Structure formats: structure tokens, C-alpha cells
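Below is one structure, written out as C-alpha cells; comments come after it.
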There are 2 protein chains.
Amino acid sequence: IAKEVAKLLEMKAQLGTDEGKHKFVLKTPKGTRDFGPKEMAIRERAFKAIISCFKRHGAEVIDTPVFELKETLTGKYGEDSKLIYDLKDQGGELLSLRYDLTVPFARYLAMNKITNIKRYHIAKVYRRDNPAMTRGRYREFYQCDFDIAGQFDPMIPDAECLKIVHEILSDLQLGDFVIKVNDRRILDGMFAVCGVPDSKFRTICSSVDKLDKVPWEEVRSEMVGEKGLSPEAADRIGEYVQLHGGLDLIEQLLQDPKLSQNKVAKEGLGDMKLLFEYLTLFGITGKISFDLSLARGLDYYTGVIFEAVLLQQENEHVEEPLSVGSVAGGGRYDGLVGMFDAKGRKVPCVGVSIGIERIFSILEQRLEASEEKVRTTETQVLVASAQKKLLEERLKLISELWDAGIKAEMLYKKNPKLLNQLQYCEETGIPLVAIVGEQELKDGVVKLRIVATREEVSVRRESLVEEIRIRTSQC
Amino acid sequence: IAKEVAKLLEMKAQLGTDEGKHKFVLKTPKGTRDFGPKEMAIRERAFKAIISCFKRHGAEVIDTPVFELKETLTGKYGEDSKLIYDLKDQGGELLSLRYDLTVPFARYLAMNKITNIKRYHIAKVYRRDNPAMTRGRYREFYQCDFDIAGQFDPMIPDAECLKIVHEILSDLQLGDFVIKVNDRRILDGMFAVCGVPDSKFRTICSSVDKLDKVPWEEVRSEMVGEKGLSPEAADRIGEYVQLHGGLDLIEQLLQDPKLSQNKVAKEGLGDMKLLFEYLTLFGITGKISFDLSLARGLDYYTGVIFEAVLLQQENEHVEEPLSVGSVAGGGRYDGLVGMFDAKGRKVPCVGVSIGIERIFSILEQRLEASEEKVRTTETQVLVASAQKKLLEERLKLISELWDAGIKAEMLYKKNPKLLNQLQYCEETGIPLVAIVGEQELKDGVVKLRIVATREEVSVRRESLVEEIRIRTSQC
């Protein structure tokens, strides 16, 4: 229904533009949105948690341009390439907006011949997706990526990526979650032993990828009907993809008469076992599920893949159930950097991308449900006056406060009413008011009012900065 | 010469692609660049100073999409419109990359019917300029904008914008600077009394705008030769635009027999006087110059305009002279929001944009000249081992540290050499090493090494987090 309504609204909007000849449509482009001060305050909370975590793990930060040469993005995204935004050919290079941060990262490594880096990158990416289809999906959205590039001993960086996802989701208190883990090599081996022809690996993989949204029966009929897989092969796949568990399942599959004979599957399972050992040392296996149905669409993954999913909360206090879905994902891509190197020199990489938009929606919904009032500024004090003709005195005082590093505001009126000034503090959450009056000026003091308690104290002008600092030190 | 070299290099690059059939050019788009960890560290310092200042003045923060409907940008930039990046028509809306943050801000205000806000916005903007022409000019660059929208008593918000520029440039210690101030109304009045026809105001204004780069004689001949202004009118303009000063000059012009008869000029001069009174209260007139040659190109300004310029330093220690030029600019634009409102309702605005790219170049050059080593991570401790077979113990310890909020790294090797681990700390500036060894494990302690002094202390495992916090509290 939401989809239909969106369609109708769009048709209506288009009709609207045709009606009046020069009627200007005041809107942001389809699939994008502005963030107002309140939304930004929430967004910055989430960013802060994520950046703290990335820094805690010793990551450096980089930034790349919002667009890349079109050819840089070509051949990296499989079927999704049709969603790339191209820039108009205005003479010069052909450019496209970045689709993710991973391909620009690989281009950056190859271009600068960097073989070893741990970096994060938080920036907007662009996809010409149909944004009405899913809640919390936009055409412009932030990704928060953390990646480790370099030739290292197996599964140590991979385990750290999962630890990071665990830390961030725990820190943000988004509710219960599970991190599904699989390996492209296990998937490929599984397809091979089930009798999928090599040429069908990718397309069957993308069918498997749908298992988190549609039931097996549908996926099976797509495999057999649309993609021409034999029913026997599909049924064999069906048995595997229902499996999920922990170390026990890995051990079981290492004994599996068919899988254990397949070289890549065996490699993948061996590494998966090592990964689980490291995750046990990190104490996070409780939230990790080795899940044979996890496929992930992007072409460039070569080893471990993972995806964090929020679990539905049984929470009667929220009218609308929280949207549930993937909030982080990633994996190993050992071949991508080599695609940019003239000599094909590889730089093994593993990384994670935090899907911040869904996290925002959840934090927003939760905040709306709560009674918490979000402050959108950090102002410590309002410089106010009790009488008329004190604009100059207010300007002098606020200038002193700014120069001392105090966050201060005043109303931009010559003669504001005291009541209006106090009201402004109530509305915006400013905790203190520094009131100048004629008597105070004579006495060399400022009246400091604590908004919450309505208490007023007389403070000597030379002690005002210190007094404000002490009274707002918890802010 | 630099321009020619750039041209030749580009031609060479293009030839390069034609030579080899599939030779891939590994580069960022023309006029853009990556920021590596070191550059980002410098950039974040500058951002921190700027954001602190904006927050000190009580600004909220907003964000808007990187692209807008093409029609949103149409008719806002005069001659500069040709520099706008358009997106390819891929079916759907026609989109353009934002050219500045001011027009999207005005669109945001009109769309949300906001009549009163003080906000900052830091984001990239896009201009298809010729980036080789000037140092520190790019096609993708950051703007840091602070604007005050709303109907207020005259010149109070305008004065605050200048105070902000003064605070930021002082805080960043970029050397001596001057903030030139003028008013569109004074310019328009001046043109009128000099005998410039109304229809030529804008084009003559853009000639005047060149006075910071070319001498008066050249500007004059452009006015007379190309733009068909009478030599007499040009000479009259020439007398005015050489004037700059402070309150005294304002008083003088208020007495000017011609200017004082012009209504808009008189309004502008009256407000300029008020502005200087407020700036005197802020104590910053020492760096402010009322300058009749300041014009600023953009169409949307309606009142006060200003531009901050760094002054050439006499510094023999730097081999290459620091690039000098405009680092901030802004003004009042009372009509822009009304252009987006169906009923033309106006929201008066004044704002400032900090040109961060030039500031980066200066900070970068200065840092290179100094011996200061820039850290690109905040890692407090490296978890290391003195013997082999201690990977599991390192993983356990680092996990404990992460969970306690300590910024910790380890080498991703099973059995790294102690020397390599210590060397990594030297290179990256990590101040502490927590060394696990067999004896320490038995004793329930960790050896904590202070990299700078090579001192080693034995710390009980349960006190380690506290000990690291104390020893890195200044970080």
C-alpha cells in the first residue's frame, strides 16, 4: 500500500508541475532529505558512538571525492551497476557519484601504492534505488566504513571487524541483534557439491541472498524456474541453507562427506573455525551465527562475509513495531585492489560498513516515544537585560564571554522584554541567564539566573566566566 | 607556467588512454583530491576550531542533499551558473550538484517555512572552475557556513558574523589579516551618483570586484572599453573605490555632497556606522576596513558584504611565500528566501562562509616547515608479546582494554617480534606498550612500557586500565 501511495503522490506532484506553467516545486530530489537541527543532534550521537569505536581500534581516517571517473566504478557492482548516478557530459571526464566507499578505498590504495592501512571513512553514497520500497532506504545515505588492508595472519583482522560491529550495536543499545557469518568459499564449495554449474554460481548466489526476505519455496522456484537449475541441485542447496549454528556446525560440516572433499569449502570452513576461536576469546560468540543462507550481493567478496540484523523486540509500549533489518555488513575482498593495479598486485582487505540510516530511524522513533527533550545547541548562557537601552552593555558582556570560550547567545533586539528572554531559555534549554541591569553595572556585578530553579545570584563581573564554567561543567 | 604544465600533463594523460587500448587511468577526477590520514588530521584541527566557534555562538546544525533540483539553482548565481555540475538525465528529475550552501539553505527555509534560525552547515560544494588557475582552488571543496535568518534589529546579526570571522582567524593563528567591509547599497548609490546607468550596475560591479587582483587602470579600461561606460563615470568611480578606512571615512562620506543625496547610499552608510559602533564594542575594529572597492560577485547580496584577506607575511624562514588571499566572505541576502516562496515572503538573512581549503594549505605548509610530527591515530597502547604462541593472550587482553574504552592496537601477526612491535609504536606515536609474557601471565601482571622513556613497570592486570588512563590523560 505504501508503495502505491508513494506512486500516486509522485503522479500527483508531476501533475502539479504541469498545471501552473511556472509553478516551482519546492522539494529535495527524490529519495533525499534535509536534516534539521533535531535530526542532526540525533545523527551526531550515533556518529559519535561509531567514530569512538573506530578510533578505539586505532583507525586512521581518509576522505575521497564524492564522484569518481565512471570507469573506476565499472564492473565492480554486478547487477547493481544500473543504480549508479552518472554526471552529465559537460565536456571533460565522464564521472559518476560513488556507490559505496569500498571501491573508492580500493582505488585510493592502488593509486597511492598503499599495502597496509587501517582506516575509517564516513561519507554519503548514492544509489538510484526505489526509495519508497523499504523504510529507511534513501538515494543519498551515509555509510560508516572501517577496513583493514594488508597481508596478515588469517582471520585476525576479520575477527576485529566483527568485534567492532558487536561494540557499536551494544553501545547504541539498539536492542537484541545477531551477526550472521558465512564465507564465499563455503558458498562456492556448497554450490559445487550440490551440482550447480560454475557459470551459475553468481546468479544462484543472488537467489540465496533473498532468503532473509522470502521463504525457501519461493527462492527454490526462482532457481529452478527462472534460472534453470535442476530440482535435485536446488533441493540439495535447500538442505544446506537451512543450517545455522556455531562451532558445532562448523565441526559437523568439516565432517560432511561431500563438503569436506571440496577444496575451497574446506579452506573456508577451516578459517571459519579459526574465526570462531578468536571470537570466543573476544567473548562475543553469543551474538554470532554461522549461517549458510547468508550470501550478500556484491561481486567483490572473496572470503568471510557477515551481516548484523536487529531482532524484533516484543515491546508493547511502541505503537508501531520497530523496523527490523540489516544494520551492518561486510566481508573480505582480496581481489578488488588488484583490479586497479596495472600489474594486478593484490592487497587483501576486510571491512565493515555500518548502515547508519536505519540506526537513525530507530533512535528517532525511540526518542519520540520517550519524553526526552533534545537540545540542538550547546549554549551555556543567555546574555539578557532587565531594562531598555542596554544593547551596548549586552554586546560588551557577550563579547567578553565569547572571548573566554563561553557559549553564549543574546536576542537580536535592541530592547527585548525580560520575559521573552527567559522564555527563549526555556524553549532552547539554555541553563543560565546573565542579566545586566543599571544597578548591577554600577555595582560591577552580573545577576546570574539558574533557569531550572529560578534561583538568582549576584556574581562579580570578573568571576562570571569561572562561575558559568562551574555551573555548566556537566554539560 | 604552472597552467601550461597542467595543460600538457592533461594532454599527456589523454594520449595515455588512447595508446594502450584498455589502459586504465588511476586518478581522481580533475580538480578533486583524496585526503590521506595526515591531511585529515590537519583538516580536523581546522574544523574543530571552526565548529567550536559556531557552537560558541549558539548555532544549530543542518544538512541538505549534495544535489538539488536543477531549477532550485537556476537564476541564483549570475554569470557563475555555467560552473554548475549537472547530473545526467537518467529518467526522473533534473538534478545539479550544489554550488554553495547558501541557496540550499534558502530553499530549506522556504520549504519548511522557517523564519528564524541560526545554523551552521559544513559540507562540500562543487564548481566546474579551472582548478589549475589558482593555488588552493578545487572543483570539490568544503564550505563552512554560518547564517542568521530572521527579522531583527539592524546590524546586530551582521556584527556577530564579523566577530565570528575575527574569532576563527585569530584562533587558527593564520597570521595578520584584514576584514574588508562594504555594502551593496553604498555600491549601488555610488554607481548612481557616478552616472552609471541602472542596467550596467551588475556588470560594473563585477569589474570593481576584480580590483583585488588587477590594478585600477585595467579595471577602468574594461569598464570603458568592453562595457561601454563613459570615461567620466569611470573616473568618478575610480576616486571612490580607492577609499578605505573606518568610522572617519563613513562620517566623511555621509557628508559627501553627492553620496549623501542618494537614498540607498545614505541608508547603507547609516547602517555601516551602526555596524562600526557594534564592532567597537566587540573590540575588533583594528582588523576591519571599510573598503569601497569590495564588490563580491554573487547576485544575491542586498546589504553588508565582507571578505577576510590574509596579509603577506615577511617570513624568511619559509622558502616559498605563503599564498595570500581571501579566506572568508559573506554578506546580507534579504531577498533569496523570497525567491523560493510562492507568495514571495521574505526572510532576511546574513551569513559568512569560511574558505577552508586555503586555510588547509596554509596549515599544511606551516606544519611541513615545522618539525612537528602529526599523529594520525589516538591509540593509547599497543598490546604486544615478548614470546611466541601468545596470540590468544594478546587477543584476550586487547578485548578487555577495548571493552574498558581504551584505544588499543596489536599487530595482526601470530608471532610478531618484540622489536617490530616497539618500532610500530615509534613510527605511529603510540605512547604505551602492554607486554604479555609467560612469567607475567603466571604472576597476574602486565609489563607496561613507556615508549618515550623506555621505562618499564609491572602493573597488576586489574589495575592496567586505570594505569593506562592516568598515563595518557593528557592525550
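Cβ atoms here come from the backbone N, Cα and C positions, even for glycine.
Given the structure is predicted, the values throughout are model-derived calculations rather than measurements.
According to TrEMBL, the protein has these features:
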type	residues	note
DOMAIN	B:31-363	domain 'Aminoacyl-transfer RNA synthetases class-II family profile'
BINDING	B:ASP100, B:LEU101, B:THR102, B:ARG127, B:GLN143, B:ASP147, B:ARG296, B:TYR300, B:TYR301	L-histidine binding site
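All features noted in TrEMBL, drawn onto the structure.
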{"residue": "B:ASP100", "record": "L-histidine binding site", "contacts (Cβ under 8 Å, 6+ apart)": "B:VAL125, B:GLN143, B:ASP145, B:SER353"}
{"residue": "B:THR102", "record": "L-histidine binding site", "contacts (Cβ under 8 Å, 6+ apart)": "B:ASP145, B:ASP147, B:TYR300, B:TYR333, B:LEU336, B:GLY351, B:SER353"}
{"residue": "B:ARG296", "record": "L-histidine binding site", "contacts (Cβ under 8 Å, 6+ apart)": "B:ASP209, B:ILE305, B:GLU307, B:GLY329, B:GLY331"}
{"residue": "B:TYR301", "record": "L-histidine binding site", "contacts (Cβ under 8 Å, 6+ apart)": "B:ARG184, B:GLY331, B:ARG332, B:TYR333"}
Other C-beta atoms that fall within 10 angstroms of the C-beta of B:GLN143 (L-histidine binding site): 18
